[in-house]
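Written below as structure tokens is the structure these notes are about.
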Amino acid sequence: MTEMLGTLLLLSLALQARRVCGDDTAAPADEPAPKVAIPAFTPYSVPGAALWEQFAGGLEPAWKRSLATKADKAENRYDGEWAAEDVAELAGVAGDKALVAKSEARHHAISTQLGQPLDPAQGGLVLQYEVKLQNKLSCGGAYVKLLTAPLRGEFSDATPYTVMFGPDKCGEAKMHLIFRHRNPVSGEYTEHHLMQPPVPPTDSMSHLYTLAVFTNNTFSVAIDGTERRTGSLLDDFEPPVNPPKEIDDPDDTKPADWEDDASIPDPDAEKPDDWDEDAPLMVPDEDAVMPKGWLVDEPLMVEDPSAEKPADWDDDEDGDWAAPMVPNPRCESADGCGPWERPQKRNPGYKGKWAPPLIDNPRYKGEWAPRRIDNPVYFEDRELYRLSAVGGVGFELWTMQSGITFDNIYLGDSVATAAQIADDVWKPKHDSELAVHAALNPKPPAKAASAASGVLEQLRARFAEIFTSIHSFYSVLREAGPAAALREEARGAAASAMAAVGLAWLAWNVLLLARLAIGTGAAAPARAHPPAAGDSDADAATASSTARAGAGKTATKRK
Ligand SMILES: *[C@@H]1O[C@H](CO)[C@@H](O)[C@H](O)[C@H]1NC(C)=O
């Protein structure tokens, strides 16, 4: 009875909740999307940079697409197309050209040569560029390579680079920061990867990636102008640059007489005189007695008394006839027949083979390990920032999605310049994108609705609690009787108290809901501020630029 009442109450509450909150995911489908005024592109100049690229003048002649084949797989050509063109999705600046990887499921490679190589030994290195994933990204790279000077031949995966930096995503998104370092003794290059790199955003806004390598061997990685990872070139890369001073001697072998058994059989121990190695494990049980019903003289098998010699049996040809043997019928009711044998039991005097006890090995030398020798390729580089000079910048990527877009590439040695670019170029563009995105994706009056549904959620949870409690009290009453139920007194009392509190709650909330229902019936307040960066992730892919929205297209697709 109580349960039914409770269920009904909850049901009606749930229905009420639907009506009050409305279906807040339904969008007004055919309203024309609002226009947002976006700034027009104006060229920005950065004096003194090793590279400053806005792609306003197109690709040629500075940027050269590679038509090489990949070194690691000769059948893979760089057949992805590149273009310098206006951003199509969620543009924040009108007429702003950017470098776009155009082809799906293709290898793309493009590079440019610096007018003059940048030598990080002079004053460190600062690299900053924007990435915009116009079609989002399920699998592909958006990182940049700083190519080691001097540049030789067609750009490919085999082209030596000094630094590789930027986002990459195939499954999980991650940032790459890799630098290649030459071992001054062996002359070999090794790639050193940043450990615990930050996680890049993957929405379709323009995001700004900044790397600084300082002359004190530290580095800093920032996303959208916020520092996300700092550390030391010496300590935060895998494998570490400086090799170990000593290594195991590869020519050292374990001597034949090396004792690495910690314990040995005691050589002085002797077998005790009373140790009988031959004592059997099992012996006849001398205490056992033959059961009374045992028929010692009865054989187990007897001739079948009912058998008869066949009439056509010929003694001359077939030999003497003998009756077939059958189990002795007299043994069936007896404890047993024939000679009685004592059962076996475990021999209390059994000791088995004697073995000397183990003692500590006096000649034990421990685990053998090879001798340590000086590492022949050891060096200690305390000036890791002196990376190989950079002669060019290239993008060499595989991508499943088209529309990976790069813009506003700065390469130089000034953190201040990079920060100024961020403020003057990226920030206004990003703010504009957020405004466009917000206009194309009007949010429902989220505050009022979520407040109402929040209250309802709490109410529902509270009632579920109360009825579970009451239900368990009545279960005990029904199954074990009133005495047991009274033993559950505390619980029962709590349940009743909660029920009372709950009813008061209900009354109060119904009043509150009535007020809210009147409130949400009124016009929804327009969204006044752009969504937080995190908000944009889910929705940005479906948002279109103002150009599209302005053409009267329906821009509010919903997932
Ligand atoms: C290294 O240099 C940079 C830039 O001058 C500075 O911001 C940073 O604090 C320095 N770090 C250390 C550990 O000295």
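The backbone N, Cα and C atoms fix where each Cβ goes, and this holds for glycine too.
Summarising the annotation, TrEMBL assigns compositional bias 'Acidic residues' to 271-287. Proximity of distant same-chain residues to the compositional bias 'Acidic residues' (271-287), defined by a Cβ-Cβ separation under 8 Å and at least 6 residues beyond the stretch ends, is recorded for 341-347, 349-354.
Annotation source TrEMBL lists disulfide bond at CYS139-CYS170. In the structure as shown, the Cβ atom of CYS170 (disulfide bond) sits within 10 Å of 14 other Cβ atoms. DSSP assigns CYS170 (disulfide bond) to a strand.
Positions annotated as region 'Disordered' by TrEMBL: 231-287 (among others).
Sequence-distant contacts of the region 'Disordered' (330-354) (same chain, at least 6 residues past either end, Cβ-Cβ under 8 Å): 271-272, 275-277, 279-286, 288, 290-296, 298-300. The feature region 'Disordered' is assigned by TrEMBL to 330-354 (among others).
For 525-559 (among others), the entry in TrEMBL reads region 'Disordered'.
According to TrEMBL, the feature signal peptide maps to 1-22.
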Inset, instruction - Under 8 Å Cβ to Cβ from CYS139 (disulfide bond), same chain, six or more residues apart: give me those in sequence order, or none if nothing qualifies. - result: LYS169, CYS170, GLY171, THR399, MET400, GLN401
Legend entry - CYS139 (disulfide bond): secondary structure state under DSSP, collapsed to three categories: strand
Legend entry - Helix, strand and coil counts within the region 'Disordered' (330-354) (DSSP): 2 helix, 5 strand, 18 coil
